[in-house]
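Since the structure comes first, as structure tokens, the remarks are kept for the end.
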Amino acid sequence: MGLHTLRLATVPLTFSTFTSRLFLKPIPPNTLQTLGQFSRHVQPRKPFLVRAFSASAAVQETPPTQASDSSAARPQWKASIDFKWIRDNKEAVEINIKNRNSNADLGGVIELYENMVNLQKEVEGIREERNNVAKKMKGKLEPSERERLVEEGKSLKESLVTLEEDLVKLQDELQQVARSIPNMTHPDVPIGGEDSSAIRKEVGSPREFTFPIRDHLQLGKDLDLIDFDSASEVSGSKFFYLKNEAVLLEMALLNWTLSEVMKKGFTPLTTPEIVRSSIVEKCGFQPRGDNTQVYSIDGTDQCLIGTAEIPVGGIHMDSILLESALPLKYIAFSHCFRTEAGAAGAATKGLYRVHQFSKAEMFILCRPEDSETCHDELIQIEEDLFTSLGLHFKTLDMATADLGAPAYRKFDIEAWMPGLGRFGEISSASNCTDYQSRRLGIRYRPSEPVQTGSKKGKASLPATKFVHTLNATACAVPRMMVCLLENYQQEDGSVVIPEPLRPFMGGIELIKPKLR
Amino acid sequence: MGLHTLRLATVPLTFSTFTSRLFLKPIPPNTLQTLGQFSRHVHPRKPFLVRAFSASPAAVQEIPPTQASDSSAARPQWKASIDFKWIRDNKEAVEINIKNRNSNADLGGVIELYENMVNLQKEVEGIREERNNVAKKMKGKLEPSERERLVEEGKSLKESLVTLEEDLVKLQDELQQVARSIPNMTHPDVPVGGEDSSAIRKEVGSPREFSFPIKDHLQLGKDLDLIDFDSASEVSGSKFFYLKNEAVLLEMALLNWTLSEVMKKGFTPLTTPEIVRSSIVEKCGFQPRGDNTQVYSIDGTDQCLIGTAEIPVGGIHMDSILLESALPLKYIAFSHCFRTEAGAAGAATKGLYRVHQFSKAEMFVLCRPEDSETFHDELIQIEEDLFTSLGLHFKTLDMATADLGAPAYRKFDIEAWMPGLGRYGEISSASNCTDYQSRRLGIRYRPSEPVQTGSKKGKASLPATKFVHTLNATACAVPRMMVCLLENYQQDDGSVVIPEPLRPFMGGIEIIKPKLR
């Protein structure tokens, strides 16, 4: 970067670009707000059916006949899974489950689904019979005939109650079993384990050092930037304090990232970091169990977020957006909390794997036909950010066995960390297609009224569709710090600050060892 | 502020002042680090005695490790170094203080337990001496019958000793539990009484007069698309919120500006863990458990979420002995804060005023006892300067005795005018906790001057350690600052003007305008 750029790339300039963008964006933010007020809760809300924290209108299809304590295992919410599609594409789903190393029980799901369909038919048949009986009773009848009909109606009603209860149980069970079925996979994703992941792009080369290098832990200690020792007394292992220039570096990373990403039309957000566990589940994470990554709050049904993806995913929960409002692009700043249960070994050294960290996360809601383009845009933004910081990295098209259940496709970026002597993941960009929106209940209504099939002559509203959701790391602070400290260390123990960040940390160009 | 200042008061300029300060401060940060490495854990660490997360073995060191770990659920996990002798010798003053502060501490109980403990200690020592005497006697040549008698006597003494020592441990534990509720003493100038008795230290500005119907921050936040409580209540619960658009930039600007201003005064910036062991929360004088606790606990662990950065910063030098030359230690810590706000209700809880999660920059000072009043003044001065720069109308209150939390020796609150809410609201609080927290956290210092007198055996004895004083003060509690800024700087057309000092930190934005429909 030349002098000119340096002089001008201060906060004011960068942001003034944003200022105009904010107001001139194709979708002014308060269109959305108006929209939200209009379309949110168009269906009347039902009282909580299952547990105190049951969060959403997603339970509306469950008949409210069940007592709230009928079963501890009852799902608190309902995913709109397309069971018919799953049954009709059994082979593809089967192969997908195998490719993704998932233990989802497809056979069980299909069996339960077919049982449910049959039971539904049976219930409908009995309802029809009952209606017929009721109709017959409207006319004049012999007393004996009336009595027979009364008896028949009574017996039909009893069967109906029993069958409806069975149906609810079956639907609940189907929900539980079907939730483990992963998203389908993009046809270009390489099949296999971690080693099969394909390189999409590689930038730079490992820096060659002419002196013995230190890892970020040593640099953090020598420069008085990071304090793990006190944090392990106060909080536990894998917690840390940032000190001195590290605090400014964190702020600079976040401010710079936000301003860069806002230039692309993303709306900045800060989010709640405590959310109801149902939201965590709806985003495809498992908030409970021995190996959960999620911290739960004692005595409530809330937990701490592991990523801003969760609260941002929830922001439009149970609503119907206008097509013209899409895409919605957010850049959210939050602290993230992870138990890191089961994590051990060298990969957990220092800042690489910690219980709490700051992160700026991008999140997009868009039309299904746009999600691949948006995915590309997200990866491009990540690559541009890391290139600006001068990192050596590669972008990987992650293989099937490495995909989490919600991802249709995932690109990870791994950067060179010379002190750790390996590449380490610094970002992840996933297209979750409709996996999350089917759980969170986020739909949109296409703008064009449907022309065909307007049965009764009136202009029917087009059917709603599920949006696609995408998420991508813009800046996970601790891993960026690993990269910056280790790659920009100098022989005298100092660390150079990359030029783009300097204006955001008071012009500091170098972190020098403090005077003894 | 003139144009010149505006043009130059960008981030780079403000921070470059800091750059030199950071390296030219009288106490270079890594003096402290070296010090920390040297003085931390001078006492060998003991294995956890009581519960898995018992945090500070050094604090429990005086409890004999004879007790089984499950002997009593009520055993304290750590030990506060409370000066019981001083309490007993100043019974009347402590009694009056407890009454003035509306505390329900049981002074009589504490003194009784303490005296029982002292007596029991004497008894134990007496028996130990007897036992030593018996042992001594057995060294010489003895008649077999006499030896047998001594063996029996020794045995019986040992048995009494075991029993008495167990009693002593129980008594010490009970004393700890009961004594912890005794509040700090109070500065003589603090007005005695309830909230109404608080004295005004300073008043700045006057309420702005509006020539148009005003909105509160909730309405402004909605109209300007800055704050989303509705989605947050679905996703998280009531009293949570998302910030959007310029509000995100305003939060960052407030924090960046505050940090850079406070760093100019020689404070070391920190970010902190937001999950801490509950014992640290207790040691800072907060109650992490019980029905009315303000503290969120983590399920299945002994950890909780911090309600303020005061807690992790208080803990950073826990169980260590600092050099006098390292003092004062001045920190400005940024963290998110989490509070259950159990029991909070009514108008005071509207909008951003009382929320479950918020961002805050908190100042924290560790210093010599003789300096804590001066630093209390410095902290209040910094707060007043910050809020004056933002053009707020506020008053600083010397909080009356009944309004002081247990750790505070004296507390100054700043209440600012919030026109939309139509009242003053607390925006900061600065407390001198003297040695209340340091006696619990085990933070001492060793005076530099060797003690001249009483050097009994002729060798140059190290001066005795003393407890440091701790002080904490809000530099910027973001949501309440937002209430003030939005409500005070609203314009007739629904826009909100950004105060000049913040503009360079939010990309030069001068005004938040209603978005186009």
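Cβ coordinates come from backbone N, Cα and C, glycine included.
A TrEMBL annotation is a machine prediction, not a hand-curated record.
The L-serine site recorded in TrEMBL comprises B:T308, B:R339, B:E362 together with one of B:N184, B:N472, B:N488, namely B:N472. Cβ atoms within 8 Å of the centroid of the Cβ atoms of B:T308, B:R339, B:E362, B:N472 (the L-serine site) belong to the same-chain residues B:I306, B:G307, B:A309, B:E310, B:I311, B:C337, B:K360, B:T474, site residues excluded. Closeness to chain A is evaluated for the binding-site residues B:E341, B:H356, B:S429 by Cβ distance, with values under 8 Å counted; counted residues in sequence order are B:H356. For B:T474 (site 'Important for serine binding'), the nearest neighbour among the binding-site residues B:T308, B:R339, B:F358, B:E362, B:I427, judged by Cα separation, is B:E362. The DSSP secondary structure for B:I427 (ATP binding site) is strand. For B:N472 (L-serine binding site), the nearest neighbour among the listed binding-site residues (B:E341, B:H356, B:I427, B:S429), judged by C-alpha distance, is B:S429. Of the listed binding-site residues, namely B:E341, B:E362, the sparsest CB environment within 10 A is found at B:E341.
Considering only the binding-site residues B:H356, B:F358, B:I427, B:S429, the residue whose Cα is spatially closest to the Cα of B:T308 (L-serine binding site) is B:F358. Separation of the C-alpha atoms of B:F358 (ATP binding site) and B:R339 (L-serine binding site): 9 Å, rounded to the nearest whole number. Annotation: B:T308 carries the greatest number of neighbouring Cβ atoms among the binding-site residues B:T308, B:S429 [cut-off 10 Å, Cβ to Cβ]. Around B:H356 (ATP binding site), the same-chain residues six or more apart in sequence whose CB sits under 8 Å from its CB are B:S236, B:G237, B:K239, B:F240, B:F338, B:R339, B:T340, B:E341, listed in sequence order. In the three-state DSSP reading, B:N472 (L-serine binding site) counts as strand.
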